[in-house]
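Undergrad: What follows is a structure written as structure tokens; I'll ask about it next.
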């Protein structure tokens, strides 16, 4: 009833469009011709029954939806931050930046070549050991803070200085248990696992030394932006206690220069994913602006904020990197840090903000809001683990598309007009078939012309009594 009322209200509007006029003409012709066919068929009551019976339509979904994924990299955004990667279970590398040719190796082993009796004891200043190399100084500071080393309470760090005859410096952390309640070894081991990922650990032959030395970067392992995020999160505790809740962090969108744009914009492909995959533009950003409870939205805001921050920095010095670090630490919410820490401690699948999956409609190109591809035991889950979730997401995507299409159609063409056109076409097709088939409408005397008024009964006589009972054979005739 509501559709009928809205239809009459929109009569002056829909005739302005050619499509609506064509639909109206087709509807009118189909109805008139259908009524004529119905009249000629001789079975009006049956036709009305066929029209009124079984007016239902089913719509199946899933034919044009596919399960797809993409991988993010932030090398172009965090190009000034160290990049971590693991070569094997005992050898790790920290690249000074994403564009640097220098690196810091972190070895976890059972032997150490640096002795405190012959070397220097590090108390927070690395200049004497690194040869006043500012790049290595701040990288060492980041790594040691990421390992949660406390210079005031933890065992001392020994180093072998960089000399003219020896271009290599070495730092050594002794993880030997000093007393029964000493948890320094477990703390460093947990921090290494958090920074570089899980590694094989033999309880019978434990590693008791961590050695760090300068080296060169020659693509020994594959970098991932997850490592940079882990290092940022590990260093976040240093500024966490001194910062308060700020009101400037909101979910409003802006352009590349920082100008507020509530409607959102399309992020560049190079910043998110490779050009051959998919650029998530206004659609995904608009969804994040309305509902920002997913990891994908967190990463988009993190990318966007740091892109603006990096473009406003004047140089690539240590002060600029520290400023960026504090900005990122302020950006990452306490809930985000706590959630990932708890998931790691509970050993349940967690999000590493690297790979995301989404449901894509192959015909229209519309897609759902990407969700994180979970990781468990250092490896991505199988596609089958997301089956129920992505089927449900597919249903939501179809429902959203149908709702959007309904609103657009109702705005341009009244839905009732489309329904009338459809059912009138069904009506015309049905009556045309009945007209072609035809139904017997009266009796004839076999082998003779039809007598008027030719309404004969089964005895061959007219029902009105004009003719006598002829008792001749009768046949049914169709009247066309």
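Note: Cβ is positioned from N, Cα and C throughout, glycine not excepted.
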Undergrad: Between 315, 360, which does Swiss-Prot record as N-linked glycosylation site?
TA: 360
Undergrad: Per Swiss-Prot, which of 2-17, 18-33 is transmembrane segment?
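TA: So the range that Swiss-Prot calls transmembrane segment is 18-33.
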Undergrad: Which candidate in 99, 352 appears in Swiss-Prot with the annotation N-linked glycosylation site?
TA: 352
Undergrad: According to Swiss-Prot, transmembrane segment applies to one of these ranges: 420-440, 441-461. Which one is it?
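TA: Of the candidate stretches, Swiss-Prot labels 420-440 as transmembrane segment.
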Undergrad: Could you check which of the recorded positions 85, 221, 377, 382 is the closest Cα neighbour of residue 351 (disulfide bond)?
TA: 377
Undergrad: Expressed to the nearest Å, what is the distance separating residue 297 (disulfide bond) and residue 372 (disulfide bond) at their Cα atoms?
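TA: Between the alpha carbons of residue 297 (disulfide bond) and residue 372 (disulfide bond) there are 10 Å.
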Undergrad: Work through the recorded positions one by one (85, 88, 214) and name whichever has its CA nearest to the CA of residue 352 (N-linked glycosylation site).
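TA: Out of the listed candidates, the nearest Cα belongs to 85.
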Undergrad: Name the secondary structure element type, per DSSP in three states, that contains residue 297 (disulfide bond).
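TA: Where residue 297 (disulfide bond) sits, the three-state DSSP reduction gives helix.
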Undergrad: For residue 85 (disulfide bond), what is the secondary structure by DSSP, using just helix, strand and coil?
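TA: Going by the DSSP assignment, residue 85 (disulfide bond) falls within a strand, counted as strand.
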Undergrad: For residue 382 (N-linked glycosylation site) and residue 372 (disulfide bond), determine the Cα separation and express it in whole Å.
TA: 13
Undergrad: Averaged across the topological domain 'Cytoplasmic' (34-58), what pLDDT does the model get? Just tell me the whole number, please.
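TA: Residues in the topological domain 'Cytoplasmic' (34-58) carry a mean pLDDT of 52 in this prediction.
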Undergrad: Consider the recorded positions 88, 174, 214, 221 and say which one has the Cα lying nearest the Cα of residue 360 (N-linked glycosylation site).
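TA: Closest candidate to residue 360 (N-linked glycosylation site), judged by Cα separation, is 221.
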